[in-house]
Amino acid sequence: MKNFTSVHDISNPEILVQEALELKKNLYGFSDLGKNKTLGLVFLNPSLRTRMSSQKAGMNLGMQVQVINAGQDAWNWEFAENAVMNGTTVEHIKDAAKVLSEYCDVIGLRCFPGLKDRDEDYNEFVLNSFIKYATVPVISLESATRHPLQSFADLITIRENWNKPQKPNVVLSWAPHIKALPQAVGNSFAEWMNAADVDFCIANPEGYDLSKEFTGAAKVYHNQEEALQNADFVYFKNWSSFENYGALPEVKGDWLLGEDFLKTNPETKFMHCLPVRRNLEMSDAVLDSSNSLIYQQANNRTLSAQLIIKKILENSL
Ligand code: CP
């Protein structure tokens with residue numbers, strides 16, 4: 001069994017992108033691979049893209065696909081070992097993961113962080129508890145700290161939009177929001193960019209630095225304008241504070257780009273994983289510009305999921 005939960009589960013992201021681009025030319029060429037196999041998609045949290053693209057990926061490979069909104073429709077899960085379950089939880093993760101493994105050959109799990117207990121979230125308590133008891137390969141559909149299928153789709157999208165000999169200059173920019181959001185997309189994107197053949201830096205307000213575990217050697221700017229000079233790709237995403245875990249420290253300055261940036265930077269491409277709060281995180285002008293890659297990213301979600309599932313079925317991840 002081999003799971004896919006981060007960039008560390010693959011050997012080289014750039015080679016994986018080339019394999020994905022080959023697969024894109026022949027999306028329906030492996031529809032026998034998944035015959036009589038079942039893909040289970042287990043959602044503890046909402047989703048549009050991950051749900052639909054993962055279903056499509058499994059179906060493209062000839063798999064049967066079953067989806068459960070476990071956060072709403074399933075019995076309330078208990079995670080504590082040796083728990084006396086005399087409270088609100090009805091089924092232990094041990095039993096749920098083992099039973100789901102009886103029905104499915106590959107399982108995708110979405111489990112967002114609670115944003116209350118940093119150690120619990122950053123130790124991937126829920127994902128690792130599930131993996132511990134599942135007896136089939138598990139794919140992360142976004143966990144407490146990472147969103148690997150999204151980041152892989154993002155790297156594919158960058159490669160599809162870059163044909164110059166030099167490395168592209170990629171910037172991950174924090175974007176405004178009204179709610180405390182996880183760091184998972186930002187963490188994961190940073191991890192994949194650090195492993196890819198790109199020049200990478202991050203822009204975020206003071207108080208919003210991501211964990212070094214994910215950002216590594218990437219330079220972190222607290223001034224967006226400075227970071228975006230010479231950017232070929234800007235990836236916008238909001239996240240709450242890692243340091244003051246889950247908090248929303250006060251932000252100085254305007255982090256929303258509009259028409260002015262488009263005029264002075266006509267070559268820069270814009271990315272976001274979606275869903276996006278228009279005119280809060282990104283302006284209509286930027287999202288709807290010809291340099292926006294948001295729908296191509298969404299399209300590549302099927303491709304990233306399909307290649308990973310294909311490799312798991314071939315047992316060659
Ligand atoms: N980008 C992404 O994961 O979208 P969903 O939350 O809708 O799946």
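Note that Cβ sites are derived from N, Cα and C of the backbone, with glycine treated the same way.
Here's what TrEMBL has on this protein:
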BINDING   Ser47, Leu48, Arg49, Thr50, Trp75, Arg110, His147, Pro148, Leu149, Gln150, Cys273, Leu274, Arg301  carbamoyl phosphate binding site
BINDING   Glu142, His177, Lys237, Arg277  N(2)-succinyl-L-ornithine binding site
DOMAIN    2-160  domain 'Aspartate/ornithine carbamoyltransferase carbamoyl-P binding'
DOMAIN    185-304  domain 'Aspartate/ornithine carbamoyltransferase Asp/Orn-binding'
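Sequence features annotated in TrEMBL and their locations in the structure.
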residue: Ser47; record: carbamoyl phosphate binding site; Cβ within 10 Å: 18
residue: Arg49; record: carbamoyl phosphate binding site; Cβ within 10 Å: 18
residue: Trp75; record: carbamoyl phosphate binding site; Cβ within 10 Å: 12
residue: Glu142; record: N(2)-succinyl-L-ornithine binding site; Cβ within 10 Å: 27
residue: Leu149; record: carbamoyl phosphate binding site; Cβ within 10 Å: 29
residue: His177; record: N(2)-succinyl-L-ornithine binding site; Cβ within 10 Å: 17
residue: Lys237; record: N(2)-succinyl-L-ornithine binding site; Cβ within 10 Å: 25
residue: Cys273; record: carbamoyl phosphate binding site; Cβ within 10 Å: 25
residue: Arg277; record: N(2)-succinyl-L-ornithine binding site; Cβ within 10 Å: 13
residue: Arg301; record: carbamoyl phosphate binding site; Cβ within 10 Å: 25
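Other C-beta atoms found within 10 angstroms of the C-beta of His147 (carbamoyl phosphate binding site) number 26, with every protein chain shown included. In this structure, Arg49 are the binding-site residues from Arg49, Arg277, Arg301 whose C-beta falls under 6 Å of some atom of ligand 1. Leu149 (carbamoyl phosphate binding site) has its Cα within 10 Å of the Cα of these binding-site residues: Glu142, taken from Glu142, His177, Lys237, Arg277. In the three-state DSSP assignment, the secondary structure recorded for Lys237 (N(2)-succinyl-L-ornithine binding site) is strand.
Arg277 (N(2)-succinyl-L-ornithine binding site) and Trp75 (carbamoyl phosphate binding site) are 32 Å apart (CA-CA, integer value).
Of all the binding-site residues listed here (His177, Lys237, Arg277), Lys237 has the Cα closest to the Cα of His147 (carbamoyl phosphate binding site). Restricting the binding-site residues Arg49, Cys273, Arg301 to those with a CA within 10 Å of the CA of Lys237 (N(2)-succinyl-L-ornithine binding site) leaves Cys273, listed by sequence position. DSSP classifies Arg301 (carbamoyl phosphate binding site) as helix under the three-state reduction.
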